[in-house]
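Peer 1: I grabbed these lines from TrEMBL:
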- Glu378: active site, proton donor/acceptor (ACT_SITE)
- 118-412: domain 'Peptidase M14' (DOMAIN)
- 1-15: signal peptide (SIGNAL)
Amino acid sequence: MLALLVLATVALASAHHGGEHFEGEKVFRVNVEDENHINVIRNLASTTQIDFWKPDSVTQIKPHSTVDFRVKAEDIVTVENVLKQNELQHEVLISNLRNVVEAQFDSRVRATGHSYVKYNKWETIEAWTQQVATENPALISRSVIGTTFEGRDIYLLKVGKAGQNKPAIFIDCGFHAREWISPAFCQWFVREAVRTYGSEIQITELLNKLDFYILPVLNIDGYIYTWTKSRFWRKTRSTHAGSSCIGTDPNRNFDAGWCKIGASRNPCDETYCGPAAESEKETKALADFIRNNLSSIKAYLTIHSYSQMLIYPYSYAYKLGENNVELNTLAKAAVKELASLHGTKYTYGPGATTIYPAAGGSDDWAYDQGIRYSFTLELRDTGRYGFALPESQIRATCEETLLAIKYIASYVLEHLY
Ligand SMILES: [Zn+2]
């Protein structure tokens, strides 16, 4: 009996940690002041196994910023010595990654089915897309916009009261596999739409006059991989001729300043842009859907984590969109609305100045397609969690995010073009 119990516990643990243990791994937060500091980190990245958490890659580090990266246990002494020798101010954001990974499942209830306040594995989310559509036929319909590299259906939920020629807002989640709070938010949005339609004035008006396209998980293969094999996997799971390295960064795979800056041509890198723009089936499916529905899609929002930012085009260059002033005002107000609930502070601005020039992500691409209101939301990390935000914080994070999105949606509704 005892042996059985032990076996069951081990099975549960490996299901949660994908066979990795993260014992002794650390996440550092380093203050970077100047180009010398950036060079130190660049050298470190070339000699040790550094996994950049914020910003996404070594090429996006800018002076006077903080950089978060994960270090394998065997490289910690080296990294600490280099940081000390070069007088880089730093702190240990996560002192033992194992504890944080275990703590992400900290919600008291461990129901077996779908839950809006838990992280759900893909099979559960997939079943949920079917169920929520079946149970709410007047508000939700489900379609498949393509398949992933490994052949899984990519689902899209259309949420809104039936009507002819309705304008639409497109929201996607789950580009980067390890950013688990992102899919959790897409599910939360659908829940709130269904739960408060007809009783809450703002949601009711939005759903009466607009359709919301909700894409719960784009990078499904990667998401599954973070549950089964590698919790901090980021990319897709595609293979590449001539390389044993797997995956492309789906947000570096759009035809917007493709692979010019802030992305890598090396398939082994976390920001690999792919062999060509839209080479990834997931990216292509998303781009095709948006291209085919450009007459109705008036806003595009893509949900990531964890930098607490609301950014808008452009990221791929220091240039500003034609309605930059409007986007800035809108972002400022949306961020204020978000903070009104729990005081969570977001920065906002054009991607290039807020982060650093990067190969255009999906928001830049959508904007270049003519979608005037295109944003990337990097959801919160209050505390020292990185991508392993505890389940107990899903509700608060989703609630405040919903406020910002409702604000943007209402604005878009008032400024239809
Ligand atoms: Zn991301």
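Every residue, even glycine, has its Cβ placed from backbone N, Cα and C.
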Peer 1: What is the total of other Cβ atoms whose distance to the Cβ of the residue listed as 'active site, proton donor/acceptor' is within 10 Å?
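Peer 2: Its Cβ shell of radius 10 Å holds 22 other Cβ atoms.
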Peer 1: Can you give the mean pLDDT for the domain 'Peptidase M14' (118-412), rounded to a whole number?
Peer 2: 96
Peer 1: For the residue listed as 'active site, proton donor/acceptor', which DSSP three-state class applies?
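Peer 2: Looking at the DSSP assignment, the residue listed as 'active site, proton donor/acceptor' belongs to a strand.
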